[in-house]
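Student: Handing you a structure now.
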Amino acid sequence: MCTIPVGFFAMWAGRRFGLRSAILIAGWTNGIGGLIRLSSSFLPQQYRFPIGIAGQAIAAVAYPFIMFLPTKVAGSWFPDNQRGLATTIGVMSNPLGVLLANVISPQMVHSPQHVVYLNIFTFVPSAAAMILATVAVKRSEPKIPPTFSASKPQMDFLPGLKACMMSKPYLILFFVMGGGIGMFNCLYTIMQELLCPSGYSNSFVGICAALMIIGGIVGAAGSGMFVDRTKMYEETMKVAMGLAVVFGLIFMQLTLHPNFAPFLAVTCVLFGIFGLATYPVGLELSAECTFPVSETTSTGLIVLSGQVQSVLYVFIMKQFSRPLQPERMDLQVCSLDVTDKLNQPKDNTQAVFSLLAALLVLVLVILFKPVYRRIEAEKENRARIDKEKEARANEQKITLPRENDIQPLNEAQNV
């Protein structure tokens with residue numbers, strides 16, 4: 001909820017004040033929010049929840065600053081053959097943190113009295129990151145830019161925003177990448193509601209969620225290194241997106257059947273591999289399509305699109321869910337008993353979700369024809385430098401007569 005209103009400020013601040021300021025804002029808001037959450041555990045009972053939520057909201061302010069920065073860091077500090085991997089490391093830190101929190105939290109909290117331990121556990125790394133950002137990050141940019149594009153001045157926020165909205169390839173990426181992020185988040189969010197009607201336990205739901213993230217980290221790392229070597233951003237994006245949709249739809253169909261746990265687990269891994277493989281590639285593509293727009297702007301708009309579409313797809317799944325078929329009621333483990341009205345099992349397999357997923361892939365494959373503006377600018381700069389070096393080398397050449405050459409004598413010398 002905080003990402004959308006804070007997101008535009010984060011894009012503007014990242015461009016206006018530089019990378020270091022954005023990192024400091026992220027580090028300090030996350031650290032202060034964690035401290036407030038921790039302090040709420042020691043307050044009277046009636047104040048704990050509102051103070052804890054206030055701390056959570058302050059910590060959430062850090063999210064857009066963190067998620068908008070990976071492409072900016074990669075473009076400012078890394079050469080062109082390392083940008084994809086640098087972006088991957090930046091964007092994958094978030095799902096990795098979510099995975100660790102989902103795995104560790106249930107092991108630490110078994111009663112309300114144990115929440116304080118969880119708050120301590122989350123505060124320590126956030127405080128360490130706050131201190132590290134303050135002490136270690138001294139500059140927004142290196143003294144010597146790693147690439148030609150890193151040395152070029154970037155557009156201010158409003159002109160950059162306008163340039164993004166005027167770029168057809170970027171608008172397609174804005175719609176498709178946001179939809180991909182939204183669908184991944186949607187499946188991750190409602191996974192328990194998809195699996196429990198067929199008798200799959202909460203433990204298995206947690207395993208599937210973890211497999212999606214683990215597969216995603218592997219896929220994102222592979223795609224980042226691949227595009228660094230080949231520069232095949234468009235092809236990688238289209239293939240990965242298409243396969244992610246295929247495995248996502250297969251997963252949804254498998255959730256209708258009991259006793260398919262191994263197949264569901266494999267499908268989760270494959271969906272994670274190809275789904276998150278598109279993330280760093282798509283963010284790098286956004287920087288390529290809009291150069292010289294600031295990466296915080298081009299990346300930030302796509303992340304915001306993903307957040308909005310995540311809410312939209314979850315809403316669609318909730319609105320179009322149907323009552324569970326009577327023959328499946330004996331299998332479901334969603335509700336505790338017949339009196340449990342809060343956790344009623346639903347059939348969440350929706351044709352509208354499948355149609356939207358197919359539409360995203362078709363739009364991407366047919367209409368997306370990007371121009372790598374940043375790469376082209378760097379190629380032109382290299383060609384210009386090579387020509388200048390060649391011209392200087394030609395000017396410095398001095399042709400001398402060889403000692404072995406016999407020079408003919410003129411008439412005066414003969415006499």
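Positions of Cβ are set from backbone N, Cα and C atoms, glycine also.
Heads up, TrEMBL stuff is auto-annotated, nobody curated it.
Computed from a predicted structure; not experimentally measured.
Here TrEMBL flags 1-375 as domain 'Major facilitator superfamily (MFS) profile'. TrEMBL lists 21-43, 49-71, 83-104, 116-137, 170-191, 203-227, 239-256, 262-285, 297-316, 351-372 with the feature transmembrane segment. As annotated by TrEMBL, region 'Disordered' applies to 387-415. The feature compositional bias 'Basic and acidic residues' is assigned by TrEMBL to 387-405.
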Student: For the transmembrane segment (351-372), find every same-chain residue at least 6 residues outside the stretch whose CB is under 8 Å from a CB in it, and list them.
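Tutor: Same-chain contacts beyond the ends: 169, 172-173, 175-176, 179-180, 183, 186, 231, 233-234, 237-238, 241-242, 245, 248-249, 252, 285, 288-289, 313, 316-317, 320.
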Student: Out of 21-43, 203-227, 297-316, what stretch is closest in contact terms to the transmembrane segment (83-104), meaning most Cβ pairs under 8 angstroms?
Tutor: 203-227
Student: How about long-range neighbours of the transmembrane segment (116-137): same chain, 6 or more residues beyond its ends, C-beta under 8 Å?
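Tutor: Sequence-distant neighbours of the transmembrane segment (116-137): 20, 23-24, 26-28, 30-35, 37-38, 40-42, 59, 101, 104-105, 108-109.
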Student: Can you see whether the transmembrane segment (297-316) and the transmembrane segment (203-227) are touching - at least 3 CB pairs under 8 angstroms, only pairs 6 or more apart in sequence?
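Tutor: Not in contact, no.
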Student: With pairs 6 or more apart in sequence, are the transmembrane segment (203-227) and the transmembrane segment (21-43) linked by at least 3 Cβ pairs under 8 Å?
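Tutor: These two segments do not touch.
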Student: In the predicted model, what is the mean pLDDT computed over the domain 'Major facilitator superfamily (MFS) profile' (1-375)?
Tutor: 86
